[in-house]
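This report concerns only the one structure given below.
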Amino acid sequence: GQIVYSIAEETERGASVGNIAKDLGIDAATLSARKFRMITGSSKQYFNINASTGALSVSEPIDREQLCELKSDCLLNYELVLENPLELYRMEFKVLDINDNSPSFPLSEYHINMPEFLSPGARFTLPSAQDLDEGANSVQNYTLSPDEHFYLEMQIHGDGSKYPELVLKKALDREQQATHRLVLTAKDGGNPPKSGDVPVIVTVLDTNDNAPEFEHSVYRASILENSPNGTLVVQVHATDLDEGPNGEVRYSFSNTTSADLQRMFSVHPHTGEVTVNGVLAVQRPLLEMLIEARDNGAFGMSSTAKLLVEITDVNNHGPEITITSLSSPIPEDAVPGTVIALLSILDKDPGENGKVTCQISENLPFQLKPSLQNYYSLVTSELLDRELISEYNITITATDLGSPPLTTQKTVWVQISDVNDNAPVFSADAFDVFVEENNPLGAFLYQVSASDPDIGENGRVSYMLRNSTVAGSALTSILSMNLANGSIYAKRAFDFEQLRSFHFQVEAKDNGSPALSAAITVNVYISDQNDNAPAILYPISQNGSVAVEVVPRLADEDYLVTKVVADDEDNAQNAWLSYHLAHSSDSTLFQLSPHTGELRTTRSMRSTNFLKHKVVVVVRDHGEPPLSSTVTVGILLADTLPQALPDFDDSGEPAPLLNATNIYLIVSLACVSFIFAAFIFFLAVIRL
């Protein structure tokens, strides 16, 4: 449970407050047995409980003002704890205020200085009194001792509290009375009321009726913007006709002068010298300030003069280049006029010093174009070629028009991206390939190579054979190609005697989109190998028989017996033929020309020579290794062509002189001679 008691402050010790046992309905006889105790957060124990009767009494007088200061409600909280069973009761003591404090003023006396020129109705705030009591016991009203020049009025603050004001009722005259002594009394609402008073001394001051006057209403000065601290700008001067403090002048900036300007400049309070006090960081060339001259009167009078300071720019700011937008990389096929970057160029200096010219190198395919105010666009001025130049470092130079001019440079890195604008290029106009015949299958013939200055897929080259025919066969049946590296391989063996040369086209294509391609002609020349032996064209032997040549019986020396004619299907030195006698039945009778193959007699024939001879001719080429063919020639010594040719055995021995054929020839010759002689004789007889 909870119970509330009210007790006036300063109640004496032992005064009864109430009976806690009766008020809480507790048997007083059980308090000791239940080990009662009072618990409080206060530093003092202001109350006591009689363990026998439960009577609650004051054990320590309470000073409300000390305990609760200015609080409107002053409360003391206690807790009563009982055991067996455990019970907890809250007790609240409301300390009531009594009028035990008189109003008091913070100071023992107050002084007010009033100039004599004040008109009636002028007001001056008087000090408020303090009363530690609350409510009606606090200060309720003020009174002022009677005076013909002043009276008292009460005013109300915004929070509702009242305060006194001294009002001038009649104009003052310092010459008649220099000091007025008044008494201000504060009264509370207690019963009986208490009061407190304080002397108020009013001093009438001499009238400061002359304000300082400047020599010029407007001062003008010019100063460089980089002037160091302490540089004198101008010195102002004002005079005051009053005497004493009323004639002493102090200089300062007027309150209407901006705080920035007051930080940049300072004015000496006594000499009026205006000097530089900081960095002159301003954007306008003319600064306007108001200088105030105030006298030292009690109510100082003042006047102002205008100070115009012209800041002469010294071009101490270089242009600032800011890249607000940049497109990189850009494709190499970008049309002229494509915007690459947007630049902001600003110079903080005013006037000519802040005007900026901007340029880049003339040998670049770019140019600067003015855009908005203080903005430039960096655009392409001609077509780009990544294969020639893949990136650019563009130095932008900004120069102001100051004297001397200041220059700022900034470099912009622009990369050029590739487009497929270059077809593959072969290293030659045509390729000549030389290959020996009888090559193995799959033999490497040649590797064509094409380059593409583009990069990535645009520069990756693949190769293929263009469709064509060679000697009536499809090219793909003869050759194969590696698509990646351009290597050409033979799919079959070549035969020089059937195909000596052919040509075809190889196409190189990049992997761009759209793809670009180029073609080149490859000439294949097949070189000869000595794979063919010489072929005997004349004399011809049939079915293994010996070719027979008939030579007059008495042929002269160097008589052409026959000419061996041979041919070799090979080429060049493989087809260069030479003729040699491998065997002759009579080595002294015949000779063979090694170059022409002509078989001639070495001497005149004799009747004693054998009638049949056999010669073996070897025809040899000049290949490596050389190949050869042989032919056997039978030579018959006879003046007429026999009806039947004799046999030439392999022994090569000469036949007997008087064989059947020879006898037949002799008989025939004898008969013919006889008939011819008879005919001559007949003619002679007839003539005679």
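Including glycine, each Cβ sits where the backbone N, Cα and C put it.
What TrEMBL says about a protein is an automatic prediction, not a curated fact.
The feature domain 'Cadherin' is assigned by TrEMBL to 6-105, 106-214, 215-321, 322-426, 427-536, 561-648. Residues annotated as transmembrane segment in TrEMBL: 663-686.
Of the Cβ pairs linking the domain 'Cadherin' (427-536) with the domain 'Cadherin' (561-648) and spaced 6 or more residues apart, 3 or more are under 8 Å, so the two regions touch. When pLDDT values are averaged over the domain 'Cadherin' (322-426), the model yields 88. In terms of DSSP helix, strand and coil, the domain 'Cadherin' (106-214) has 3 helix, 53 strand, 53 coil.
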